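Listed in Swiss-Prot for this protein:
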- 1-22: signal peptide (SIGNAL)
- 46-61: disulfide bond (DISULFID)
- 53-65: disulfide bond (DISULFID)
- 60-70: disulfide bond (DISULFID)
- 70: cysteine amide (MOD_RES)
């Protein structure tokens, strides 16, 4: 019985901590574009800086294609 009460209290405490930290971290991601570009380069096969590219086929890791070159 005591063990059950301790487990219930521990679960309630952990849940409260999760809810508090979730509220504090809302909207604090500052560099979303940088993070998404990093994920893009890690999850897909993309071309590095200076490689040839076309505007119709978005495949540059840097995210920009200028004058036929990834920039």
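Glycine is treated like the rest: Cβ placed from N, Cα and C.
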Residue 46 (disulfide bond), number of other Cβ atoms within 10 Å:
18
Rounded to the nearest angstrom, how far is the Cα of residue 53 (disulfide bond) from the Cα of residue 70 (disulfide bond)?
6
Quick check: of the disulfide-bonded residues listed here (46, 60, 61), which one has the Cα closest to that of residue 53 (disulfide bond)?
60
Within a 10 Å radius around the Cβ, which one of these disulfide-bonded residues has the most neighbouring Cβ atoms: 61, 65?
65
Output the one of 60, 70 that, of all these disulfide-bonded residues, has the highest number of other Cβ atoms within 10 Å of its Cβ.
60
Measuring Cα to Cα, how far is residue 60 (disulfide bond) from residue 46 (disulfide bond) in Å?
5
Count the Cβ atoms, other than its own, that fall within 10 Å of the Cβ of residue 53 (disulfide bond), considering every protein chain shown.
21
